[in-house]
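A.B. asks: Okay, handing you the structure first.
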């Protein structure tokens, strides 16, 4: 592990300096400093960095140990060649550590860029979320318009219902009128039957007139026959005057014939008078009945024609109202279908928007988790960088305190180390500022996620 490697590096450092320089000042490299990264940080990164640093430090100290074993010299008589070797080794170690720090800084810059990119994506998603919420508020206005139009349609349906009820009342009235017209038609049929009776009475009258004429002709014929008989009898009486005178005591034939003639004439006159009276009474009754029937038929015809005109007008009105009712019902059905389709489309749109909103919330939560992981990684890297810097500062302090009596070349190296330490301090300050900004951005992101 990284802690073990750091500890062994410290041990090798202390032993090598004891061999070369004697007792040197201690610098604390505690496990609390080196083992402070967050559990979210990558263990592979810590082990890699620790192994590299430990390997380079151990290699340097082993080489120093070999040099010390090959040429053991006392501490007070330090050779300048060994100092130059130590300086060269220290330069190599410093170069490797600078390269490692540069790589870590590059990775840290990449993480910062990724965090900023995720923050920009988070802002874009927040704008899209606000837009979706505004869009989600729009269907309420559409629903209000739909309700208003639905109320208008219901008002139209109520008006149509009232018109339909009025039409039904008119239809019932027209049915009553139709019943009356049927009654009038029956009266007309009865009148036609009466007309047939009138025709029959007329035929009977004509028959009676013909019979009367025949009876009159028969009476005339009988009178002629009677006159001829009288003439014959008169001639016979003149021829038989003698016999008549002789038989004066016999009944008078002339009086008998006159009596018979008077009887026949009275019978004929009675028959003629009774026939004329029956004919006149029958003709008067039939004429009166025909007059009444004609008047009733004329009135019925007028009523029928008036009823037909009214029925035609009402039929036309009913057809027009029925057509208007059917057209309005079709319009209502079409509008209901259209509104149903619009409501279905709006519900589908709302469902898609809800799904998209849930997906966006899930993506935002995922981005926030990734952002939190990156912040944790960044904090771990900041802690590791701070630990590296502490380690480098401790090593520089150790070398500077142990080799303050070196040559001019070694003093130049110490000045370079001091300048590198100042650069490292500036990097440390920049890292602290970056960590502070990242912490503030994290707090803002947490506030936004809670909202």
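From the backbone N, Cα and C atoms, a Cβ is placed for every residue, glycine too.
Caution: TrEMBL annotation is automatic and unverified by curators.
The structure displayed is predicted, hence computed values, not measured ones.
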A.B. asks: For the annotation region 'Disordered' in TrEMBL, which listed range does it cover: 289-313, 314-338, 339-363, 364-388?
C.D. replies: 289-313
A.B. asks: What range among 242-283, 410-451 does TrEMBL describe as region 'Disordered'?
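C.D. replies: Based on what TrEMBL states, region 'Disordered' spans 410-451.
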A.B. asks: Pull the DSSP breakdown for the compositional bias 'Basic and acidic residues' (298-309) and write it out as helix, strand, coil residue counts.
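C.D. replies: Tallying H, G and I as helix, E and B as strand, the rest coil: 12 helix, 0 strand, 0 coil.
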